[in-house]
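Please read the structure below before turning to the comments.
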Amino acid sequence: MTHILLCMSGLFLLSAVICGNAEELGVKATVTADRLTIPTGGSVTLTCVAQHFADLEYYWIRETSSENKSLISTGAVISISEGGNYTCRGWRRDTNSLLTESDSVTIQETVSNRTDVKLQHSWSQIFTGETITLRCEIQGGEGKVWKYEWTAPNTNSPPTSSEYRISRVSVSHSGDYRCRGSSDYLLTGWSDAFRLTVSSSKPRATLTAQSSVIPAGGSVTLSCSVEGSAGWKFDWFRRDSEFSVPQKIEAGTSEHTISISEGGIYYCRGGRGDPVFSTEDSSDVTVKEAISGFGCERSSFIVPFIIGLVSGIIVVLLLMCCYRKIKKPCCNSLTQSQSTNQSSASQQTANQNKTQVYSSLLHGETRNYYFSLYYSF
């Protein structure tokens, strides 16, 4: 019976409003609500009041779109459990007069759809300088157009979209992030807090080698990793010697290992995200090749052998040069000594001869003197 009367009153009121059969009193009713959000499974109380009029009938209109208005109830106070735009009007039946329609009040209905904040990539650790994206996901919210609301540290203007992108994240972005969504007059609850922790230090890649020596005709596996985090792609570098220019041998590999068959000095670097955030370079790892048939390392055998051979030749040449320089003065000294001895002996013989001559003269042996003098020449 109540529904029939409500329908009849509604038809009469709408007819009066549309057709202009009722007189406008020029007085506007006022709507108040005890709260603007209907909790899950709860309700909201609306009150319609018109000053200076005591004997009025009130009619309530709910609007869910510009093309969808409906008369929902009568009475000065009503309880609602659905979201929408609500207005009221007063009607004096005795004079067939209407009050001006009240301003609308928007009531949102909390839905039970679960809302979650998730990091776009499943990274367990975030580093200063990276670009990250948080996403607000509403379970069972497909088919509706949602507007999103965020609470976040270090921002005064959070986005209204489902994605929260932070470029060059810093330690100040650390904290709790929450979101919720609204669609028309539906409102989700706030998500659980997502705790974001940003590390101030830049990570360093770590390179390890299966072996430091590549067997003849074989290969060695290199492994690159970044401790405590995931999602990295790796660049690999090699150079021939400590002072040579490094060359990139592999770029952006998802695998954290590569196989090499050439000796050299190797290092690696990790990168992830868009734009790419790179780690510090790893420490160098030196890998050498073994020579087939010798069972020894090429770089540790040939180079020292050549250096030793050249050094030995240089030492021998220096010794020969020194020997020749030392020997020459000695020979000259010996020759001079022999010449001096010979001259001394000749002089001594001559002196002896002269002594004999003088001795003969003193004893009157003149003939013998001439004979000795003859043979002395």
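Count begins at 1; order follows the chain as displayed.
Cβ atoms here come from the backbone N, Cα and C positions, even for glycine.
Taken verbatim from TrEMBL:
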- 27-106: domain 'Ig-like' (DOMAIN)
- 129-199: domain 'Ig-like' (DOMAIN)
- 203-286: domain 'Ig-like' (DOMAIN)
- 1-22: signal peptide (SIGNAL)
- 301-323: transmembrane segment (TRANSMEM)
Q: Please list, for the domain 'Ig-like' (129-199), how many residues fall into helix, strand and coil according to DSSP.
A: 3 helix, 32 strand, 36 coil
**Q.** DSSP helix/strand/coil residue counts for the domain 'Ig-like' (203-286)
**A.** 0 helix, 45 strand, 39 coil
